[in-house]
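To start, I am sharing the structure in question, which I have written as structure tokens.
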Amino acid sequence: MENQDSQVRDSESRGSSRRIAFSGPLVSSKKLSGSRRSARFKDETNGNNPYIEITLDVANDSLLVHNIKGTPDQDAAFIASRIEKHPSSLSTQLSSKLRQISRDLKNSFSSSKRSTHSNNKVKHSASGAAQAIMGLKFIHKNGDGWSEVEARFDELAVDGLLPRSSFGKCIGVKESSEFMGELFDALARRRGITSSNVTKDQLHEFWKQITDTSFDARLQTFFDMVDKDADGRITQDEVKEIITLSASANKLTKILECADEYAALIMEELDPSNLGYVEMYNVEMLLLRAPHEAAFSGTESRMLSNLISEKLVPPKDESLIKRGYRRIGYFIHDNWKRLWILCLWLLICVGLFTWKFHQYKDRAVYHVMGYCVCVAKGGAETLKFNMAVILLPVCRNTITWLRSRTRLGRIIPFDDNVNFHKVIATGIAIGVCLHVIPHLTCDFPRLLHSTDEEYEPMRRFFGHRPSEYWWFVRGTEGWTGITMLVLMTIAFTLANPWFRQNRLQLPKMIKRLTGYNAFWYSHHLFIIVYVLLIIHGTFVYLSKEWYHKTTWMYVAFPMILYGIERLVRAFRSGRRTVEILKVAVYPGNVMSLQFTKPRKFKYTSGQYIYVNCSKVSPVEWHPFSLTSAPPDDHLSLHIRTAGDWTSQLKTVFSRACQPSGSDQSGLLRADIAQQNQNIPRLPKLLIDGPYGAPAQDYKEYDVLLLIGLGIGATPLISIVKDVLYHIKQQKEEQSGIIESGTRNRKKRKPFNTTNAYFYWVTREEGSFEWFKNVMNEVAEKDTEHVIELHNYCTSVYEEGDARSALIAMLQSFQHAKNGVDIVSGTRVRTHFARPNWRNEFKHVAVKHPDKRVGVFYCGAVALISELRHLSHDFSRKTTTKFDFHKENF
């Protein structure tokens, strides 16, 4: 801003009061009655904005703001700061006065903006005072009012006084007791209360202040919390104290360790004159800054965003029948692959049952045993079919080959192989009941009590008439059937998630018999079951001809296929002893293993392998997703401790790790490549794979939406690295770095993915160490911003909470100055709390209309239904099509 007219013009005077008008950033003058002075200012860098007019009343030696006109909300605070920072551009006699009124000017702007935002409900990116208000919330519960707080006061008060320790609980904030205690102290200091107990009336005053939605009230409360000595100034020690308090409330240990450094950073930003303190208007100016990022930019994007929001709202005028038809149509459209497979399976089961039922109804045995034998034989036929089919979904090599080398994945849901395995297991349980119960409770008793004439046709099947019930059980058919029933019941029970994941509170003696190991070993009882099944089918009671004994016909091919699978696995895994290259044990009970890539080992990002460590267990194999990308010259895994096997594996490798330097956040690591003689010999690992997974189909989509919770990010990290590799390779090809002969040697399949959005949600800041190098590499090499990385730390209170306000300020300073996030320690800025998934889906839909988006999720089951619903909702009501895939986690 420069002075366009340094002369100060006087005009006629009326009375003792004078009005002075300043115009900026464009030149303007204000004609007023009475004696007045005017100065003109111009901002040549922004000549398109309307001018800003500030009218002051001058009486004696005081200046009062009379009026403010012509300023956009987002620029008001900056105009006040410019006036402060450029007093030389004004007349000498007014510069000192302008300093005195600058704070009032800014407050006036803030009030104006607050009223504008409160009256105008248009959906747009908040800025200025409205944004600042959103960043200083002390209470988030909309349902709690003074009546609820008053009721809790009556419960918690002692002799009519509420102690400081119960303040947070009383106002409805159960967490962060230390932070709530500091808030209590700030509110008490403002009112001159020295006691650590307050009355109900005093609490009511506290409540009115912390629930006041005005910017001034929230700013004053926040400032009072920092200003411990209530002198109106904040020193570096006081800033450090509030940083420590905020970091503790948000469980951010790294910030606690660097509190001195960060306090100095804030003082450097707010106190450029090195006065040694900052005042409230400095904090106010900081909060009034416009946000650096916006979800949607441009009028067209905002209009499209609003249009999508309107489409996503279900119409209320539709009848119940129309809504029902629409939902059925959506369900069929979203699940047609699963539905046709299930319908085919059910039709086969029903057809086999019906065929066998009518076959026995026309035989002589029906006149003795009745419908019981028909039901038993119909159930047996479905049982034989399901015992054959249940092996197919667990033939992992076959499924991997089919989904990778054929187009059957377009009509067959290979991603649901485990779920289909469970469905067939349920069918087997039903078939067992239909076969065993009628035999034991109906067929055998009726045969024993039949007359000689009725039994005569049965003599060719049973020989002499049985004299007792246990004759049937003692026979080969009986004991094989009972043994299979017991073994299948054990395997079925221990496979239930309640037992497999130890969700039930069982006595220690019983709990030892459950868990993953019990599930794994009990499932291998199927070998005995299939042997007994063939014996049982060979000695079946009512069929003597070999061609009627069809059990072996059903199970022969699946058993041979599965046997070949196991032989291939054993042969392949026995030869693939890998050499450990690096080991790192991270915070959050996660261990990283990097090892050599076996010869001719080819895989796709998103796939997984099985790992065996003989030092832990020579027979156990456990699946883990690969976090390395196919172009890497090594393989890597990130394994979280979540059970006995992984705990023992971590213990074995931790012995070989040495504490790292301070730059590695105190990690334990062993780098074999450095030939450290102090590292003990590492245990050997065997690997088996790779095997197909839902995430491996990412190349089929134009845009990727990758969502990982905690350690669930592992398969998605490999995809991010692979996308980055292809981006780099395409650039090299376009720049002519790769020779034409090399390009023509092998024609590669084109890489169609143009954008990727990666959302990683984790509970602890230490988790970001797991993939720190990958995050930094992507941020550095992705110059065209094809990959968007979004880190979310749920231990930090949501953006807008007063407990995270200072952390957000500090994060902005640190990232702007050094390009490093204070929470993750990477170049990727961390968001607080959990994402608003609907907004994120809308963001992708707005940016990529008419595109196919692959949504790949790996994490806890709690989020599956929400993400699936959003994928379907946006696919139906926008031109962007979202295909949801969940990893078996």
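Quick reminder: no glycine exception, Cβ is built from N, Cα and C everywhere.
Pasting the relevant annotations from TrEMBL:
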type	residues	note
REGION	1-46	region 'Disordered'
REGION	105-124	region 'Disordered'
COMPBIAS	114-124	compositional bias 'Basic residues'
DOMAIN	214-249	domain 'EF-hand'
TRANSMEM	339-357	transmembrane segment
TRANSMEM	423-441	transmembrane segment
TRANSMEM	479-499	transmembrane segment
TRANSMEM	519-539	transmembrane segment
TRANSMEM	551-568	transmembrane segment
DOMAIN	573-697	domain 'FAD-binding FR-type'
Restricting to CB pairs under 8 Å, which listed stretch, 339-357, 479-499, 519-539, 551-568, is in contact most with the transmembrane segment (423-441)?
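Maximum Cβ contact count belongs to 479-499.
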Look at every Cβ pair spanning the transmembrane segment (479-499) and the transmembrane segment (339-357), keep those 6 or more apart in sequence, and say whether at least 3 of them are under 8 Å.
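Answer no: the transmembrane segment (479-499) and the transmembrane segment (339-357) share fewer than 3 Cβ pairs below 8 Å.
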How do the residues of the domain 'EF-hand' (214-249) split into helix, strand and coil according to DSSP?
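For the domain 'EF-hand' (214-249), the helix, strand and coil counts are 26 helix, 1 strand, 9 coil.
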The domain 'EF-hand' (214-249): mean pLDDT?
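So the average pLDDT across the domain 'EF-hand' (214-249) works out to 80.
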State the non-local partners of the transmembrane segment (339-357) in its own chain: residues 6+ outside its ends, Cβ under 8 Å from one of its Cβ atoms.
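Answer is 332, 374-375, 377-382, 385-386, 389, 411-413, 420, 423-424, 427, 434.
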